[in-house]
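K.L.:
Dropping a structure here in structure tokens format, bear with me for questions.
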Amino acid sequence: MAKLYFYYSAMNAGKSTTLLQSSYNYQERGMNTLVYTAAIDDRYGIGKVCSRIGISQEAKLFYTDTNFLEQVEQVLKAKKLHCIMIDEAQFLTKKQVHQLTDVVDELKIPVLCYGLRTDFQKELFEGSQYLLAWADELQELKTICECGKKAHFVIRLNENGETVTTGEQIQIGGNDKYISVCRYHYKKKRGELRQITK
């Protein structure tokens, strides 16, 4: 039975690596996958899903006006599809997440989405919000903070490596601009912990 899956985490948890491994597993069995990545994310080149461990795969770009249901139906005219995979799914719109539920429910094709849960302000991205609400299956991919605890949050850094607390929700960057941290270190690095004297 086809389902909509959302694999979410902070940065550097291996979301793209997991997507690429899943795509490889399908292809190894002679099955066709259709892989998308956000057009806005050009860190590793245009039209590629790239992992920090050095593997990559060509991908179709999605924009805020991409209609996934229409595009998948077009591809189905030429070949059978066994799975749709979306990297950087936090950049999806509410409408696009709904279209992906239609791909699952009407076309009976599983859709695997991989993305961040929250931004550097601990706020949900639009795509993540609706994937968390509408996905059939949710799975957190784990990464660790500098202290060894599970990292849930992302800190944005400026060019001097200092914590940034304001700004636009979306600013594309990698390890030079973002680090994943636990809640305690999120608060500490943002100066949000109270000074308690004993």
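The backbone N, Cα and C atoms fix where each Cβ goes, and this holds for glycine too.
Under the heading active site, proton acceptor, Swiss-Prot lists Glu88, citing sequence analysis as support. Marked as ATP binding site by Swiss-Prot on the basis of sequence analysis: Ser9, Ala10, Met11, Asn12, Ala13, Gly14, Lys15, Ser16, Asp87, Glu88, Ala89, Gln90. According to Swiss-Prot, the feature Zn(2+) binding site maps to Cys145, Cys147, Cys182, His185.
Can you tell me where each of these features sits in this structure?
P.N.:
Here the Cβ of Glu88 (active site, proton acceptor) has 26 other Cβ atoms within 10 Å, regardless of which shown protein chain they belong to.
Taking a C-beta cut-off of under 8 Å and a sequence gap of six or more, Lys15 (ATP binding site) has these contacts in its own chain: Tyr7, Tyr8, Ser9, Asp87, Tyr114, Gly115, Leu141.
Counting every protein chain shown, the Cβ of His185 (Zn(2+) binding site) has 19 other Cβ atoms within 10 Å.
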K.L.:
Just give me the nearest neighbour of Glu88 (active site, proton acceptor) among the binding-site residues Met11, Cys145, Cys147, His185, Cα to Cα.
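P.N.:
Its closest listed neighbour, by Cα, is Met11.
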K.L.:
Within 10 Å of the Cβ of Cys147 (Zn(2+) binding site), how many other Cβ atoms are there?
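P.N.:
Step by step: centre on the Cβ of Cys147 (Zn(2+) binding site), count other Cβ atoms within 10 Å, giving 11.
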K.L.:
Among the binding-site residues listed here (Cys147, Cys182, His185), which has the Cα closest to the Cα of Ala89 (ATP binding site)?
P.N.:
Cys182
K.L.:
Using the alpha carbons only, what distance in Å do you get between Cys147 (Zn(2+) binding site) and Met11 (ATP binding site) once rounded?
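P.N.:
Computed Cα spacing between Cys147 (Zn(2+) binding site) and Met11 (ATP binding site) is 16 Å.
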K.L.:
Return the residues near Ala13 (ATP binding site) by Cβ distance under 8 Å, restricted to its own chain and a separation of at least 6 in sequence.
P.N.:
Leu141, Lys142, Thr143, Ala151, Ser180
